[in-house]
Amino acid sequence: MCDDDETTALVCDNGSGLVKAGFAGDDAPRAVFPSIVGRPRHQGVMVGMGQKDSYVGDEAQSKRGILTLKYPIEHGIITNWDDMEKIWHHTFYNELRVAPEEHPTLLTEAPLNPKANREKMTQIMFETFNVPAMYVAIQAVLSLYASGRTTGIVLDSGDGVTHNVPIYEGYALPHAIMRLDLAGRDLTDYLMKILTERGYSFVTTAEREIVRDIKEKLCYVALDFENEMATAASSSSLEKSYELPDGQVITIGNERFRCPETLFQPSFIGMESAGIHETAYNSIMKCDIDIRKDLYANNVLSGGTTMYPGIADRMQKEITALAPSTMKIKIIAPPERKYSVWIGGSILASLSTFQQMWISKQEYDEAGPSIVHRKCF
């Protein structure tokens, strides 16, 4: 598939935290970079340094010390279209090195997003990048494809949004979708806050990236939160150290599991919402009684925020406590779940049966951006 023939479709999973992009038919994305646009916060004095007024992705990340970093996608919704266009431009021309006008493009979106978001995406793809065809798929549905199932309930949690999507025989059940605007970025913010209690101050947008790294390397989900807190209080067995970029070493203890515990107890950050185990259960209970058994047996985790060690065991324990006692409950945590949305997109876009699903440039010209609601689930 990779002789990059004229027609290979592009798959671009625009997450709130990471952009995953590549070619349909590949088994992993070619480009994975942060969804960041950085602008200098200082005056340039060196002439001929080729300083730019904005940096995207990894380059912004590496120069973060002198930049103000902004994420154009918040809670799965694109809030800054000019920056988003920069990110897409960077994806096509610098990362994948393709001409978008030659490739059909599959984009992804969180469920229950505002309709306008999807229309504007469609408009930019056709009018700015002149793609020949495009499609917008729901992220959780793609994750289920990637796990090789057609029935299951997906818990997809990324950097910006967490949602439970029950899918039966390939149909998402929109009335039972639960969306929780609590995800990786909120956990990073919370970790910044509780590290301050230890006397470590992290405030700038660049320092937030350091905390995100601490979170990804050291945090885990406790099977029993109260027990773990007691253990942490009585011994130092749970403490780990982390070296900051300037060589200073900091120690973190109970923060390691207090941070992701927020997923199960959103009240930690003042959110009046059920935890991810309850939203999963509530979502199943909103489905028809006949299909619940199949959903309980196929809880699929997807997205970077489900990568914490211990999260699958904890989900198993919590859902078992809520469900009927005889129910068989299975949590599926594929090792590649960080990219399963992208992998599902790659599978979908390379299916021969999918080829009639694309929205073509011609259809767009005739109907305008609203066609996306008719053609894409």
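Residue 1 is the first one shown; counting continues down the chain.
Placed from the backbone N, Cα and C atoms, the Cβ positions cover glycine too.
Here is what Swiss-Prot says about this protein:
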MOD_RES   Cys2  N-acetylcysteine
MOD_RES   Asp3  N-acetylaspartate
MOD_RES   Met46  methionine (R)-sulfoxide
MOD_RES   Met49  methionine (R)-sulfoxide
MOD_RES   His75  tele-methylhistidine
MOD_RES   Lys86  N6-methyllysine
Go through His75, Lys86, our modified residues, and report the one whose Cβ sees the most other Cβ atoms within 10 Å. His75
If I take the alpha carbons of His75 (tele-methylhistidine) and Lys86 (N6-methyllysine), what is the distance between them in whole Å? 19
